[in-house]
Structures are given as structure tokens and as C-alpha cells.
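Peer 1: Have a look at this one.
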């Protein structure tokens, strides 16, 4: 069944308004030209009446942005077709009135008076025709619904459309109807098979997730044992999978626009590149299950994209280094689509060119979206990335600047400790950046009472000489609590606060 609406032109419905201008016109003419100008008032009113009988619009040129020729004018319960050329702009109407007045009163009114009159009329002559969007949409729906449904019979094995034949709306409608009918009959003929296919997909999905959890259990116990980290990985993976589900359900989104690389990029930054590659494998396989008919090709494309995305951002030390992934990721996706294309059945570049462009656009946009999502995920899940640590390592950080002013000896000490700790961490394979930044902030509590710590004491009296050993010990130990409170006040991440404690 088809409804051929291709020939229905859009309807633009306008309505007409009535303005009451008599009282205001009399007052304006009397004020501007004196009480003796009653004949002038009568002439202006008569001319205005003639103008308001026309169809006045705000800007006649704008009418052509709605329609190139005709529009529908509502007049009570009825409407009629009107040509755009029958309308007049409000400025044009005012100029027409002034022109008529000038011909009759040219000797009585000077140029200044006519200019004043034109200014007054331009403010008084308002558009009396306006576009009604709601009614226009309603009229269009009525016109579309009024098109009769027609049936196009097709015999078995009969072609719906031949090669080199222009595709019409009827052809598209017929092919869509055929697709739905094949799916419906397939399900009715063998519903058990469809249920088994769905069950098989569910079991495969559970198997993929189970393998990933086993990997976390065996190789990344700290991640497996943390509910917040598992939940973070779930949130990151859910985003591209939800887009894939929408693409499969609606059929209106290309399979090359699924943002799988976002999950890989975010995982590589929030965790590391290895886990980012694992996430790209898992999400790519699940996308293939969600979108029928894509085959293993789509998994290969997104696995390659996810791997490149993870590697290019795995060692990011500044947000501007995302530009690296914005170059390599589109290139990888475009090459992957081109190299996995079946050139025997799609030999022309035009056939696959659109897919390549979509894939490249996907690869370019994914890092941009990841940059925007990263601060949100960092704050919500309390994750400390290398980017955050680098920002904290800047010696112009307000907390470090306060430390160098209040406790310069401690500041020099933590810089030396940071360099030594970083070298040791690199030697044993620990997080060297976190170690160095943690060393910078581990003694910030000493600037609360800096004179009680030897590195800040000048030559002279030591305040501990007047205290008991227990009191000295309490004061020295108090810098830990004070440092933690300062860290919370300045919004230091949990990883740094743990080092302070």
C-alpha cells in the first residue's frame, strides 16, 4: 500500500488582522499640523482605508522565503489562494500614501512636513497579514491525509525497480513495505527460530561480559574489587551501545556513526591504554550483535579505531594532545572502511565514499566529545587522571604558591623529595607522575605553623625548646591533619589526599 505525497507542495497559511487607527491618526495630525488641517486628516484617512484594504506584510521580500508564488489566506471559515505579488510592504504602503498626499498638498506642505508625515505613517501602517505556523501544519496534514491510499500489486520474483531507472517515492515505499513483509512472514512462519536467535545473542553477550570480568579478576584485581570503577566502565560502555541500539531500532543512523572510540579514549585516560583496548574489543563485539547484517566487518573497524584511540591518548599529558587522536582516528576509520569493503559487489568509489566520510567524521568527533565528558567523569567518580596531576604539578598552583610564601624551607624540601620519589617510582614501574605530585603536596600542613619545623627555622631560638616532648610530638604530627584539611579546602583529588594522610 502506498500514499504518493511527493506532489503535494507545502502550504503556507496567513491570517488577516484589523487595526483601529482613526483616533490615533486624528490626534497625531492635529498635534503635528494644527487643528485647521481637518481636510488633510480626511484625505489621509481615505488613503489609509484604501491601503488597509490591501494585503500589507512586514517585508515583501521575506514572503519569498515562505513560498515562491502562492499562499493561502484565511478569511473567516474559508480561505483562498493569493499570489505574493498581490501583497505590499508596510514601508511601500507608507510611501504610497505620502506620494498621494504630496500630489494634492504639494503647495501647502513643505518637504519637512512630508518627511514627518512619512515617518508617522510608517509607524501607523502595520502588517495586516501574518503567518500562522500551527494552522499551516494542520492544513498540510489534512492535505497529506487526503491523498488516497493506492495498492501496487507485485507478483513473486517481479522486480520493483530496474537498473538506471530514477527512484521515486513509490519505489522507496514499496521496498520498505517488502522488507517489513518479509520480516513479518519470517517471524510467523518460524517464531521459534527467532526466539532461539534472540536467546543465542543474549548468551553470547553474557559470555563476552563474563570473559571481560574474568580478565579484570585475573589481571586487574583492584579494578574488579572496586564497585565505583566497575560502574564507571559500565557508564563509559553504555554510551556507544545505546547509540548502536538506537541505530538498530530506528534504522535511520549509519552503523559507521557509532561512537565506539569514545569508550576507548575515556577508558585509556581514566585507567590506561591496555584497558582501553580491551573495552574497544568488548564494545565492538556487542555493537555487531546489536546491529543485524553488519557482520564481522563492523567489529574489525571499531576495534582498530578503539585501539588507535587508546594508544594515541594513553600517554596524554595535556588536553591539547587530544589533537593527535583527532588526526589519527579519522584516518584509521576511513582506511578501515575502505580496506574492509567488498570491492567485488561495490567496485565503485562512489558507493563506499559516503561510508568513508561518515566514518572519518565519527573519528574526528569522538575525541572532541571525550574532552567534554572527561571533567564530568573525573568529578563524579573521583578519578585522578594524568591531566589533572599535570595541572597540580604546575608550581603556579595557588596552594604551592602559598606554601612557598609561608614555608619556603618546606617548599624546597618537597621539590627535592618529589624528584627523588619520581626517579624511584620509574625504577620500580609505579606511577611516577602521581608520586611526584603527591610529594609536592604531602607536607602542605606545615605552613599552618611553619616555625615549628626545622627547615623553616632561621638561626636562633627553636620554639620546641620551650615545650615538653609530648607537646612537640603533637605539634609535629598535627601537620598531617592540617594538610588534609587544606587539601579538602583546595579541592585536591582523593589520590593526593591519601598520600597526605
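Cβ atoms here come from the backbone N, Cα and C positions, even for glycine.
Note that TrEMBL annotation is computational and uncurated.
So TrEMBL lists the following for this protein:
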type     : residues : note
DOMAIN   : 37-179   : domain 'Metal-dependent phosphohydrolase 7TM extracellular'
DOMAIN   : 196-385  : domain 'Metal-dependent phosphohydrolase 7TM intracellular'
DOMAIN   : 414-500  : domain 'HD'
TRANSMEM : 195-218  : transmembrane segment
TRANSMEM : 230-249  : transmembrane segment
TRANSMEM : 256-283  : transmembrane segment
TRANSMEM : 295-314  : transmembrane segment
TRANSMEM : 326-344  : transmembrane segment
TRANSMEM : 356-377  : transmembrane segment
Peer 1: Taking pairs 6 or more apart in sequence, does the count of Cβ pairs under 8 Å between the transmembrane segment (195-218) and the transmembrane segment (256-283) hit 3 or more?
Peer 2: yes
Peer 1: Applying the under-8 angstroms CB criterion, which one of 256-283, 326-344, 356-377 scores highest with the transmembrane segment (295-314)?
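Peer 2: Ranking 256-283, 326-344, 356-377 by Cβ pairs under 8 Å to the transmembrane segment (295-314) puts 256-283 first.
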Peer 1: How do the residues of the domain 'HD' (414-500) split into helix, strand and coil according to DSSP?
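Peer 2: Its residues divide into 67 helix, 0 strand, 20 coil.
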